[in-house]
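Annotated GTP binding site per Swiss-Prot: 17-24, 88-92, 142-145, in sequence order, evidence recorded as sequence analysis. Residues annotated as domain 'tr-type G' in Swiss-Prot: 8-290. Per Swiss-Prot, the feature N6-acetyllysine maps to Lys504, Lys643; the stated evidence is similarity to another entry.
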Amino acid sequence: MARTTPIARYRNIGISAHIDAGKTTTTERILFYTGVNHKIGEVHDGAATMDWMEQEQERGITITSAATTAFWSGMAKQYEPHRINIIDTPGHVDFTIEVERSMRVLDGAVMVYCAVGGVQPQSETVWRQANKYKVPRIAFVNKMDRMGANFLKVVNQIKTRLGANPVPLQLAIGAEEHFTGVVDLVKMKAINWNDADQGVTFEYEDIPADMVELANEWHQNLIESAAEASEELMEKYLGGEELTEEEIKGALRQRVLNNEIILVTCGSAFKNKGVQAMLDAVIDYLPSPVDVPAINGILDDGKDTPAERHASDDEPFSALAFKIATDPFVGNLTFFRVYSGVVNSGDTVLNSVKAARERFGRIVQMHANKREEIKEVRAGDIAAAIGLKDVTTGDTLCDPDAPIILERMEFPEPVISIAVEPKTKADQEKMGLALGRLAKEDPSFRVWTDEESNQTIIAGMGELHLDIIVDRMKREFNVEANVGKPQVAYRETIRQKVTDVEGKHAKQSGGRGQYGHVVIDMYPLEPGSNPKGYEFINDIKGGVIPGEYIPAVDKGIQEQLKAGPLAGYPVVDMGIRLHFGSYHDVDSSELAFKLAASIAFKEGFKKAKPVLLEPIMKVEVETPEENTGDVIGDLSRRRGMLKGQESEVTGVKIHAEVPLSEMFGYATQLRSLTKGRASYTMEFLKYDEAPSNVAQAVIEARGK
């Protein structure tokens with residue numbers, strides 16, 4: 001099969017927003033105008049197409065980023081058909097992992113803001129993630145029909161709160177119930193959408209007389225921004241020459257692709273105004289797969305040689321699995337983004353991260369949760385594969401004859417855990433199966449069995465994250481569970497280097513004995529300096545311990561790291577240097593050296609000033625001014641460190657760093673302090689040493 005859409009006419013975009021900015025309605029309208037979806041789904045009555053899990057429809061928040069394909073030829077049919085692949089991203093802080101995951105595979109993004117609420121704390125988190133992956137973006141200021149809507153105020157917040165350089169492409173004509181359309185600042189015309197056909201058709205009209213002066217001022221601002229793209233254009237502009245529409249658009253596109261400016265559009269998705277022009281801006285200004293740098297990877301040659309893949313059908317096949325979803329009809333769906341080459345259903349590919357081969361059984365393209373089966377996918381495509389056996393989020397799929405590992409995704413460690421048990425014994429096996437599937441879908445969610453209590457423990461990024469997991473078990477797998485009290489994921493580490501710690505395991509009473517003897521140094525590592533949080537250096541000279549036993553020493557220590565001597569929590573940021581020891585020709589074995597290493601580890605750990613680390617959360621509270629004192633007082637009682645506050649239109653925004661252990665039940669307390677008028681967001685920031693009284697209480701509670 002030949003390629004149907006040239007790759008330069010692809011746009012792989014994400015639509016990202018704070019909860020309640022109207023992102024779901026915006027996506028729905030995109031599907032409507034691109035002709036995929038003929039009845040507009042409203043999130044107000046739970047019928048939206050993109051939000052395909054029951055839960056999302058009930059809570060009105062988007063949890064899983066579904067990928068949808070749509071085609072657009074422009075409001076005035078001015079382009080050849082462009083293929084837009086939309087990755088829907090969640091807006092709640094407990095799901096930032098989903099956002100991060102989708103940012104990896106996007107080429108561009110549309111940031112949706114509410115014209116009333118403006119830039120919210122969650123918008124800042126998403127913004128940082130987009131910066132991290134250098135994603136070019138444009139903004140859409142939605143809900144211009146709401147009370148208190150103010151387009152230019154939001155433009156200013158994009159500048160002050162996000163540190164970006166916003167350039168309006170449009171101005172709103174009227175606001176609140178008087179919002180009727182937009183001024184196109186490139187064409188210098190008003191756009192008036194036809195209410196009778198839900199905004200499918202439109203007219204260009206003259207700019208309203210009372211807006212001409214303002215429009216000229218912002219048109220000038222737009223032209224200046226365009227002129228800064230090159231010296232040539234700047235000279236032309238300064239020489240008093242008019243820039244053509246092509247020159248303006250080309251220059252603005254260049255600056256968006258370089259992440260120098262954010263073009264801002266506006267509208268009301270609910271009132272069918274503005275989404276159409278925003279789609280034109282996606283085509284005009286956001287990158288195709290060939291406009292972004294080639295993806296980097298490493299060759300599977302044992303030397304980690306850097307390599308790259310360009311967005312071309314002629315290069316070897318390479319793709320990144322960015323999401324695993326469980327589908328009620330077909331089982332596992334693996335969403336993947338193709339960076340290079342072509343793959344057909346029935347082909348065998350290599351999962352280079354796991355060094356395993358996988359066969360592409362069926363390939364489907366998703367439209368929200370409806371699917372269309374396709375035979376092949378090419379560079380730039382986003383699709384889902386059915387029937388892959390052992391693929392996890394972040395794995396690379398590639399041509400077995402040209403193996404490459406694309407940049408790995410990094411996922412944060414969970415910070416909160418709870419014990420779960422099925423309400424009936426009969427559900428035990430079903431629960432294990434359900435949790436296993438959910439953990440495969442979501443790398444920021446973990447599940448394990450506590451060896452001492454034999455309880456099943458689930459861990460995630462926040463209380464809401466775990467609530468939703470428990471809820472999904474009930475809905476999708478029909479397993480009802482009782483949930484324990486949330487537990488904090490503490491860590492242990494050392495603060496001091498200790499040298500020449502000896503560990504000896506010797507049993508030589510008749511018959512074959514056991515003998516292993518090691519001497520190690522232990523030392524603290526800079527937090528975050530080693531992604532594993534542990535390093536092992538083999539410094540054995542002259543074969544005092546034979547090479548075949550060295551991995552056993554490393555393994556013996558790694559097993560001890562899982563449950564530290566202090567309170568049984570994982571040990572992090574620690575290095576081991578093995579530099580001496582002895583062995584016995586007959587009695588030495590791997591097991592003996594493993595045991596010797598664990599004896600040395602326990603001995604050394606006690607002497608190395610062990611400390612307990614606790615997760616610290618970055619907390620932002622928005623509260624009415626009159627409650628500021630109460631909120632700050634309450635955060636201080638929770639051992640919070642105040643990091644600053646600023647005045648907002650809606651009240652005061654307080655920034656603090658608070659230990660997670662003190663944040664349980666905070667939502668309820670904040671509601672009662674402020675009569676429900678305050679809101680807060682919380683995300684993991686870092687691990688820090690717990691004060692001795694807190695550490696003591698934790699250690700005693702663990703019975704150590």
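Backbone N, Cα and C define each Cβ position, glycine as well.
It should be emphasised that the depicted structure is a prediction, and the values quoted were computed from it without experimental measurement.
On the structure: features taken from Swiss-Prot.
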residue: Ala17; record: GTP binding site; Cβ within 10 Å: 27
residue: Asp20; record: GTP binding site; Cβ within 10 Å: 16
residue: Lys23; record: GTP binding site; Cβ within 10 Å: 30
residue: Thr89; record: GTP binding site; Cβ within 10 Å: 26
residue: Met144; record: GTP binding site; Cβ within 10 Å: 30
residue: Lys504; record: N6-acetyllysine; Cβ within 10 Å: 16
residue: Lys643; record: N6-acetyllysine; Cβ within 10 Å: 12
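Lys23 (GTP binding site) falls within a helix when secondary structure is assigned with DSSP.
Mean pLDDT, taken over the domain 'tr-type G' (8-290), works out to 85 on the 0 to 100 scale. The two recorded residues Lys643 (N6-acetyllysine) and Lys23 (GTP binding site) have their Cα atoms spaced 31 Å from each other. Looking at Asp20 (GTP binding site) and Lys504 (N6-acetyllysine), their Cα atoms lie 62 Å from each other. The binding-site residues recorded for this entry are Ala17, Lys23, Thr89, Met144, and the Cα of Thr89 lies nearest to that of Lys504 (N6-acetyllysine). DSSP assigns Met144 (GTP binding site) to coil, not to a helix or a strand.
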